[in-house]
Amino acid sequence: MPSRKFADGEVVRGRWPGSSLYYEVEILSHDSTSQLYTVKYKDGTELELKENDIKPLTSFRQRKSGSTSSSPSRRRGNRSRSRSRSPGRRPPKDARRSASASHQADIKEARREVEVKLTPLVLKPFGNSISRYNGEPEHIERNDVPHKNTQEKFNLLQESSYISTQYSLRPRREEIRLKEMDSKEEKFVTKELAVRTFEVTPIRAKDLEFGGVPGVLLIMFGLPVFLFLLLLMCKQKDPSLLNFPPPLPALYELWETRVFGVCLLWFLIQALFYLLPIGKVVEGTPLIDGRRLKYRLNGFYAFILTSAIIGTCLFQGVEFHYVYRHFLQFTLAATVFCVVLSVYLYMRSLKVPRKDLSPASSGNAVYDFFIGRELNPRIGTFDLKYFCELRPGLIGWEAVLTTMDIIHDGFGFMLAFGDLVWVPFIYSFQAFYLVSHPNEVSWPMASLMIVLKLCGYVIFRGANSQKNAFRKNPSDPKLAHLKTIHTSTGKNLLVSGWWGFVRHPNYLGDLIMALAWSLPCGFNHILPYFYVVYFTMLLVHREARDEYQCKKKYGVAWEKYCQRVPYRIFPYIY
C-alpha cells in the first residue's frame, strides 16, 4: 500500500478544479483505495483531490521584493532608461513607441491570464460543493498558455501596472477596459462560487445510514408492525415473551373513522396554538446560505391551554378511557396520517431549490423518502418539522433548535413516524401496561424513583441548556469559566462543564429518566422495560451518527476533544 504524503489536519495548498489556482485547505481524510484526499477550504467547501494537486505551504513562499534579480518590473524599467538621461527628460519618439508597444503586449498578456484564471470556473460544470476531482488536465478555450501559479499571476499584473504608470502620458483606455472586464468577471465568478457553495450535495451511497436502502425499507415496514405486536402483547393477561406472538385482530377492527377524526382534531388544535402570537421569537442556527429561520417559542403556553381544555372536559364528564379502549385504533390512525404526510413532504421537496435540501439527502428516492429530502419544509411561516417535533406527540421540548433533528436531518418518514406515532405510543407504554397489570409501589421506593428521575432531568436539562447558551453566545460572561478547543471552522468545542464529563451528557440524563419511568412497573415482566432497552439502542446509534458528523466537521480538534473526554455516554463504561 503506497504511503500517504499529507497527514489529517495538516494545512496545505490545494488546486481548485479547472484552474491553476491553489488555495489554503485542511486535510480531512485520505481514502487508501482511491488515493484521494478529502480537503476543506476556508469557505467550508469540501473536495477530493489527488496527491499531485496538493502542495505544502512552503512551496508558495513569496519572492523578496528587495532583490533586483527577482523583480521583472525593475529589470524592464532599467532597460528603458539611459544612465546619462535625466529622469525628467522626455524619452525619444522611438522609445515612446517601443514602450507603448510593450504596454499593449503586457495588457494582452494580462487579459489572457485573466481568461485562463476565470474561464474554467465559469464554463466547467460544477453542481455541488462537495465533489470529486480526478486531477486530469482541463481543456482551455481560446488560449493554450500553460497554467502558472498564483504568485506568477500576481507578479505579471504588478508588472503591467508598473509599466503603464511609468510610460502612459494620456488616459489609458485599454487599461480602463481591462479593469472593467476584471471587475465584471470577478463579480460573476464570486456570485457563481457563492451559489455553488450554498448548494447541498447528496451524500454518497457508501455514506448512507441505517443500512442504506434495504435498512430503511425494513424500518418503514417493520416498525409499525412491531409497534402493534408490542401493544397487543401488553393487553394480554400474561404479557410474557413466551406468549409471543399475540392473537391478531381483524384489520377492520383496527380502523375507525371517528378515531381518525379525533387525531385530526388534536393535530389542528395544536397547530392553532402554535400559530398564536404569544411567546418570544428566536432565530435558528445559520443555514448553508447564511439565512436564519425564525421560530416562535410558545410550547409552554400550548401546554397550559391543552391542560385547561382537558380539565374542562373532565369537569364536564367526558370519559377519557375512550382513548385507552381505542388505543390500537389511534395507533393505526396516526400511522396512516404519518404516511400521507410523508408522501406530501417528498412530493413538495421535488420542487424546492437545492439550497433547501437536507445535508442527509442522497438522491435515492426510497432513502430520501425515509430520511427526508427537504430540511425545513414550511407553509408560509408554519414550520412543519418544528411543529411535529414539539407539539402533537411531545409538548414543551423547546431547546431543540441546535439538535441534529433540526440542523441536519430532513423531514421525512423517519421523523414523521417518530414524532406522531412512536413517541406518543411508546413513551406512554408504561402507563398503558399498568392499566392492565397494576403494581404496588411503597413510598420509600416511590421517593427513590422520583429522586432518580430528577437527577436525570438535571443532567439532561443542564447539558442541553449549557450547549444551547454556548452556541448562541460563546462570549457570554456566564460561560467564561468553561474551557474550549478551537476548531478550523472558527467555532469552539466545550471541554469542561457537563461536556467535559462525557461527550453526550444529555443522552445520559435521558436514559436515567427512561429507567425512572419504567421502574414503577415492577419486575414481574421484562416487557415494560422495552422502552429503556430501545432508548439505549437509539441513543448509542445516534451517538455514533454524532461522532461521525463531528469528526468530519471538526477533524483534528474533535480527536483532541475525544482524548480530553474519553467516555461517550456512560462514565468509565462507554
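Glycine too: its Cβ is placed from the backbone N, Cα and C atoms.
The feature compositional bias 'Basic residues' is assigned by TrEMBL to 73-90.
If you look up TrEMBL, you'll see 4-62 marked as domain 'Tudor'. Mean predicted confidence for the domain 'Tudor' (4-62): the pLDDT average there is 83.
Feature annotation from TrEMBL assigns region 'Disordered' to 53-111.
Feature annotation from TrEMBL assigns transmembrane segment to 213-233 (among others). Packing against the transmembrane segment (213-233) from elsewhere in the chain are residues 239, 241, 243-249, 254, 327-328, 331-332, 335, 364, 366-367, 370-371, 413-414, 417, 421-422, 425-426, 429, 432, 527, 530: each is 6 or more residues past its ends and has a CB under 8 Å from a CB in it.
For 259-278 (among others), the entry in TrEMBL reads transmembrane segment. Note on the transmembrane segment (259-278): residues 296, 298, 301-302, 305-306, 309, 326, 329-330, 333-334, 336-337, 382, 387, 391-392, 395 of its chain, located 6 or more positions outside it, place their CB under 8 angstroms from a CB of the stretch.
If you look up TrEMBL, you'll see 299-318 (among others) marked as transmembrane segment. Sequence-distant contacts of the transmembrane segment (299-318) (same chain, at least 6 residues past either end, Cβ-Cβ under 8 Å): 269-270, 273-274, 276, 278-279, 390-391, 395-398.
Among the features that TrEMBL reports, transmembrane segment is placed at 324-347 (among others). Under 8 Å from some Cβ of the transmembrane segment (324-347) lie the Cβ atoms of residues 224, 227-228, 231-232, 249, 254-256, 259-260, 262-264, 267, 365, 368-369, 372-374, 377, 384, 388, 411-413, 416-417, 420-421, 424-425, 432, 435, all in the same chain and six or more residues away from its ends.
What TrEMBL lists as transmembrane segment is 411-435 (among others). A Cβ distance under 8 Å defines the sequence-distant neighbours of the transmembrane segment (411-435), meaning residues of its chain 6+ beyond its ends; these are 216, 219-220, 223-224, 227, 230-231, 234, 239, 324, 327, 330-331, 334-335, 337-339, 341-342, 345-346, 358, 368-377, 384-385, 388-389, 392-394, 405, 517-518, 520-521, 527-528, 530-531, 534.
With a cut-off of 8 Å between Cβ atoms, the residues of this chain six or more beyond the transmembrane segment (441-460) that come close are 498, 505-506, 508-517, 519-520, 522. Annotation comment: TrEMBL describes 441-460 (among others) as transmembrane segment.
Residues in the domain 'Tudor' (4-62) partition by DSSP class (helix H, G, I; strand E, B; coil) as 7 helix, 28 strand, 24 coil.
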